[in-house]
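Student: So Swiss-Prot lists these for the protein:
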type: BINDING; residues: Lys13, Tyr162, Val163, Glu164, Tyr165, Ser166, Gly167, Gly192, Gly212, Asp213; note: sn-glycerol 1-phosphate binding site
type: BINDING; residues: Asp15, Thr42; note: Mg(2+) binding site
Amino acid sequence: MSAPWAEWDHIVKIDPDKTLADGETFQDVCATGTDALEIGGTTGMTEEKMARVVEATAAHDIPVYIEPSNVGAVVHDEDLDGYFVPTVLNAGDVFWTTGAHKEWVRLDGDIDWDRTFTEAYIVLNPDASVADYTEADCNLDIDEVAAYAEVAEKMFGQEIVYVEYSGMLGDPEMVQAATDATEEATVFYGGGIRDYESAYTMRQHADTVIVGDLVHDEGADAVRETVDGAKDAAD
């Protein structure tokens, strides 16, 4: 049985530390046609902020996952479909590869392992908050990106490889390298998707595209265009 995300073309990532576009609701976001919602952010994450967004989105007929950046942002809620836990493979600080995860296990006795999945992040924009936060080595070539993707799938058994260019549109060849290096893992791509064309282009190289800032900056109509682009590229 394949994982549910293996069938997704598009995900909206909601940052609980940011507001939605003026006049919009979470119902508007859920109605864009996206395949799933991922709730999380790099900084400013708290359990209270996470819980607010989970409560507002879980009532809608769409898969909802949270991506906790620290143990204090974990929400235990039966309405959630699961937890996507980031491991940054090219982090300069190993805390973001295994350290934070060890602390979560040590401090939280209620982890639902059946609904917990890791994302193998490869961070490639040196100007992104996540790159600074994790001290990521973003100076990678295509062979190195492919190798990281293969390590994630073959050595660590990770089902999701996440090529992250947060804040800019990435190099399609880098994304394709990760896709070519994997056999069964799903390749997520995030970064700089602002319209139909960018979603269409990046979906041709990744299994799933993730749209984040756009939902906060421009709103549901703009997100809907990216959904159309991703879906058309998948056909």
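Here the Cβ of each residue, glycine as well, is placed from N, Cα and C on the backbone.
Can you tell me where each of these features sits in this structure?
Tutor: Under the three-state DSSP scheme, Tyr165 (sn-glycerol 1-phosphate binding site) falls in the coil class.
Under a cutoff of 8 A between CB atoms, and with a sequence separation of 6+ in the same chain, the neighbours of Asp15 (Mg(2+) binding site) are Gly40, Gly41, Gly212, His216.
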Student: Tell me the Cβ contacts of Tyr165 (sn-glycerol 1-phosphate binding site) under 8 Å, same chain only and six or more apart in sequence, or just say none.
Tutor: Leu124, Asn125, Ala128, Asp171, Tyr189, Gly190, Gly191, Gly192
Student: Restricting to the same chain and to sequence separations of six or more, state which residues have a Cβ under 8 Å from that of Gly167 (sn-glycerol 1-phosphate binding site).
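Tutor: Same-chain residues close to Gly167 (sn-glycerol 1-phosphate binding site) (Cβ under 8 Å, separated by 6 or more) are Asn125, Asp127, Ala128, Ser129, Gly191, Gly192, Asp213.
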